[in-house]
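Peer 1: Quick one: this structure, given as structure tokens, is what I'll be asking you about.
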Amino acid sequence: MRPRSNGRPTLLPTSLDEVSVGGVEASTESVSGVGVAGGRLHALDALRGFCAIGVAVYHYRLWSALAVPAPVEGLLAFLGTYGVSIFFILSGYSLAHAYQRRFDGALSGEHVLSYLRRRLARLGPLFAVTVLLSIAGKIATGGDVPDPFTALASILLIFGFVDPANTPVIGGWSIGVEVVFYAFFPFMMLLRRFAFAFLALSLFLTAWVSWRLASLPDLPAGWHWYVHPANQMIFFAGGVFMRLHADRWCAWKQGTWLALLGCVLVVAVLVATGVSELELVTGWRRVLLVSGALLIVAALGAIGTPRSLAKTAEVLGGLSYPLYLLHPLLYFLSSRFIPVSVPSILLLAALAIVGAIFVDRFVDMPLQRRLKGASW
């Protein structure tokens, strides 16, 4: 969804500079919580993976200008745009579950530093490698190489505090925004009694940004507004709020949630079909789709997952972060050699998924275990 940095949208990239995405940074915390039957909510792990896959397929279809049936286009447009939002919701939800006792009543420097180290260690290594690969790709193709400050800010994960869109990583803006949310999260938990106030403020901010975007000719013209943390805060704050008040909605019957989930998906597809990116993130569509994204997480958080599907859900959750970072690079490397067809795009998506599982299983997970063993 992300246009070129010069503001001109492009569908058929010929260099790394011309490939970009509407970012997704999944919650990288194992999602768990208290649902109808209690225990870990594998359904949210699965949701995280399905959203990452949806984003990848959406971008592959968009970049290749491949024609698909209208309902498929609507579903992919929703996942490609609001899959990012769902990841922010999952992040707020899972962090609130994991840290609600640690940040209960007071903030100690030791606990905050431990929390920040763990969060940055979870994101940093794979993102730093992607920064270097992205810069190497730009050099190899004669693209615009970022200045040293931009590259260093990305490696250190501080670029989101200045300009989330200014990173060499394709779609990396969402990582920068996530780090901003990480920084504010301990204070949100300390002031949890005002969780509704945080939610209301976030709603006002996204409404204000949506109003500004609506006056522009297209989304590229307002990209810096769209990726601003203020515009995305409604999702993270919504996830935190839902977890803190889970006892109020998890008691609903599963049948009720399933019916609601089905209605949300149908409405989302209808609303997202045949409209521009700007229309998806402004006006009444913004209201419906923001609400829909929140309801999807609430529904799956309450429904839960059968034990027989738990392992599959964990695999889906684990592949989401590497898939998001790697799928644009894979497209760039292969787009000149594959025909534009549905089988080719699906094959490319399958290769991206397999690659993401490999990276998660044999690279990222072992590294995370070592970092955790070293008190990170």
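In case you wondered, yes, glycine gets a Cβ from its N, Cα and C as well.
Here's the feature list from TrEMBL:
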DOMAIN    42-358  domain 'Acyltransferase 3'
TRANSMEM  46-63  transmembrane segment
TRANSMEM  75-99  transmembrane segment
TRANSMEM  120-140  transmembrane segment
TRANSMEM  169-187  transmembrane segment
TRANSMEM  194-211  transmembrane segment
TRANSMEM  223-244  transmembrane segment
TRANSMEM  256-275  transmembrane segment
TRANSMEM  287-303  transmembrane segment
TRANSMEM  315-333  transmembrane segment
TRANSMEM  345-363  transmembrane segment
Peer 1: Would you mind listing the long-range same-chain contacts of the transmembrane segment (287-303), meaning Cβ under 8 Å and 6+ residues beyond its ends?
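Peer 2: Contacts with the transmembrane segment (287-303): 33, 35-36, 41, 43-44, 46-47, 78, 81-82, 85-86, 89-90, 93, 206, 234-235, 238-239, 242, 246, 249-250, 252, 254, 257-258, 260-261, 264-265, 267-268, 271-272, 280.
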Peer 1: Other than its close neighbours in sequence, what residues sit by the transmembrane segment (194-211), given a CB gap under 8 Å and a spacing of at least six beyond its ends?
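Peer 2: Apart from its flanks, the transmembrane segment (194-211) reaches 188, 225-226, 228, 230-234, 236-238, 240-241, 244-245, 281-283, 286, 290.
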Peer 1: Does the transmembrane segment (169-187) reach the transmembrane segment (345-363), going by 3 or more CB pairs under 8 Å (6 or more apart in sequence)?
Peer 2: no
Peer 1: Given a Cβ distance threshold of under 8 angstroms, which distant residues of the chain, six or more beyond its ends, lie next to the transmembrane segment (75-99)?
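Peer 2: Long-range Cβ neighbours of the transmembrane segment (75-99): 1, 22-33, 44, 47-48, 51-52, 54-55, 57-59, 61-62, 68, 115, 174, 177-178, 181-182, 185-186, 189, 232, 235-244, 265, 268-269, 271-273, 275, 277, 280-281, 289-290, 292-294, 296-297, 301, 320.
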